[in-house]
Amino acid sequence: MAMTDLLSAEDIKKAVGAFSAAESFNYKKFFEMVGLKKKTPEDVKKVFHILDKDQSGFIEEEELKFVLKGFTPEGRDLSDKETKALLAAGDKDGDGKIGAD
């Protein structure tokens, strides 16, 4: 399954472009711009599984660095600071990874 099977290619392009500058990534705005806020929990889990490159059931810090590339190959890598901020927002139990729930 491709990301564009779930989200609009145009929305993805606009969202990735909006955060193309280093240190500009805002996960709340990004996820809203790509349309995830309007998706069902089932569709959000499908997106999660696409981003979970090693299919471990978790998205670890190393996978988060490349989250924008998970939406489109033209996406940039997140900086260490941006990656840590995204991990902190999604890691509810402090185990250093984000689960599907």
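A Cβ is built for glycine as well, from the same backbone N, Cα and C atoms used for every other residue.
Over all protein chains present, the Cβ of F58 (Ca(2+) 1 binding site) has 16 other Cβ atoms lying within 10 Å. Under the heading Ca(2+) 1 binding site, TrEMBL lists D52, D54, S56, F58, E63.
Take the CB of D93 (Ca(2+) 2 binding site) and look out to 10 A: across all protein chains shown you find 8 other CB atoms. Taken from TrEMBL, the feature Ca(2+) 2 binding site covers D91, D93, D95, K97.
Feature annotation from TrEMBL assigns domain 'EF-hand' to 39-74 (among others). Model confidence over the domain 'EF-hand' (39-74) stands at 95, taken as the mean pLDDT rounded to a whole number.
Note: the domain 'EF-hand' (78-101) comprises 11 helix, 3 strand, 10 coil (DSSP; helix = H, G, I, strand = E, B). What TrEMBL lists as domain 'EF-hand' is 78-101 (among others).
Apart from D52, D54, S56, F58, E63, the residues listed for Ca(2+) 1, the same chain places the Cβ atoms of K53, Q55, G57, I59, E60, K97 within 8 Å of the centroid of those Cβ atoms. The Ca(2+) 2 site is defined by D91, D93, D95, K97, and by the 8 Å test on Cβ atoms against their centroid, the other residues of the chain that qualify are F58, K92, G94, G96, I98, G99.
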